[in-house]
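Reading through the structure tokens given below for one structure.
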């Protein structure tokens with residue numbers, strides 16, 4: 001995501017930072033392979049399966065067909081899976097960087113600042129696009145098109161394999177953004193913004209997953225990721241000097257951004273204020289995964305609404321700042337003409353009275369000749 005320095009002809013020392021940064025993808029892939037190979041041996045398979053396979057499964061028998069149905073629940077063992085798929089995210093990140101983004105950067109000859117932003121947008125574009133398509137497919141397959149399904153049957157403590165795997169990958173990806181700050185040598189002035197949005201994603205997605213609000217969170221994630229995909233696509237088009245396409249993409253982003261903020265608030269109000277109110281519980285029941293208390297619902301609703309308001313505030317301030325900058329730039333373009341006319345008037349006023357009259361008459365004749 002940040003600026004990658006070209007490798008020097010001299011190999012750095014094995015235990016140095018430079019060696020680890022240059023070869024971090026190979027090192028991480030070797031660590032991941034240790035867990036995969038551990039599944040092949042009976043002695044290590046129980047430990048390796050904690051990292052590779054999803055945990056906290058619940059198997060039930062369908063009374064109608066007699067088939068076994070395996071669902072999953074959230075639990076502390078998920079941290080092992082998060083660690084393993086965190087390694088996978090680092091490897092995939094390095095593959096996209098080396099085989100796609102670095103090759104494009106060499107062709108485009110971007111500056112250091114644009115180079116870093118181009119890498120960031122390229123990585124996020126791939127993640128947002130894949131996650132939005134994956135999440136939309138889950139929504140259709142799980143039958144969440146009907147909005148009543150967002151709160152009916154809560155607690156949604158038992159989820160399918162694909163839903164659990166989706167949230168594990170989301171948590172793993174946003175955790176992997178922190179070591180990537182070191183691996184990609186991100187500058188200090190760029191770290192704060194990247195840490196900020198990574199922390200927000202991690203906190204909200206993890207809270208929704210462990211509090212069993214996964215259905216409404218899935219819908220909000222798909223909406224938000226779709227908008228972010230359009231934004232980073234427009235950003236990449238701008239860096240590629242496709243100005244017309246970038247302007248159209250930014251216009252689409254501006255419209256979708258506002259609509260998605262309203263849609264997210266609407267979903268949160270319908271789910272936390274109206275839908276879950278019908279099955280409100282006085283106390284938390286951790287054994288069944290029921291967190292539908294008034295305190296938790298109000299806090300969740302307030303957190304979502306405040307986040308949307310904060311994002312909208314930043315969006316409005318950004319566009320107001322752009323308007324002021326454009327106004328200042330337009331005034332600078334007009335100012336040379338004004339200063340030139342004022343200079344000629346000052347030069348005329350410094351002449352004697354007879355010469356002033358002659359200069360004024362000459363000016364009038366010159367303007368009349370231009371009109372004719």
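Each Cβ is built from the backbone N, Cα and C atoms, and glycine gets one as well.
TrEMBL annotations:
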type	residues	note
COMPBIAS	329-341	compositional bias 'Basic residues'
DOMAIN	116-326	domain 'TLC'
REGION	329-372	region 'Disordered'
TRANSMEM	27-52	transmembrane segment
TRANSMEM	82-101	transmembrane segment
TRANSMEM	122-140	transmembrane segment
TRANSMEM	160-183	transmembrane segment
TRANSMEM	195-211	transmembrane segment
TRANSMEM	217-238	transmembrane segment
TRANSMEM	250-276	transmembrane segment
TRANSMEM	296-316	transmembrane segment
Requested in this report: Spell out yes or no: are there three or more C-beta pairs under 8 angstroms between the transmembrane segment (195-211) and the transmembrane segment (296-316), with each pair 6 or more apart in sequence?
Outcome: yes
Query raised in the report: Apart from its near flanks, which chain residues at least 6 from the ends of the transmembrane segment (250-276) lie with a Cβ under 8 angstroms of it?
Result: 147-148, 150-152, 154, 213, 216, 219-220, 223-224, 226-227, 230-231, 234, 238, 292, 297-298, 300-301, 304-305, 308, 311-312, 315, 319
Query raised in the report: Is it true that the transmembrane segment (160-183) and the transmembrane segment (122-140) have 3 or more Cβ pairs under 8 Å, skipping pairs fewer than 6 apart in sequence?
Result: yes
**Report entry** Residue numbers, six or more beyond the limits of the transmembrane segment (296-316), whose CB comes under 8 Å of its CB atoms
**Finding:** 200, 204, 207, 211, 213, 220, 257-258, 261, 264-265, 268-269, 272-273, 276-277, 280, 284
Query - Folded-back contacts onto the transmembrane segment (122-140), same chain, C-beta under 8 angstroms, at least six residues removed - result: 1, 93, 96-97, 100-101, 104, 162-163, 166, 169-170, 173, 218-219, 221-222, 225-226, 228-229, 232-233, 236
Query - Remote residues contacting the transmembrane segment (82-101) - C-beta distance under 8 A, at least 6 residues beyond either end - result: 1, 4, 24-25, 28-29, 31-32, 35, 51-52, 118-119, 122-123, 126, 168-169, 171-173, 175-176, 179-180, 183-184
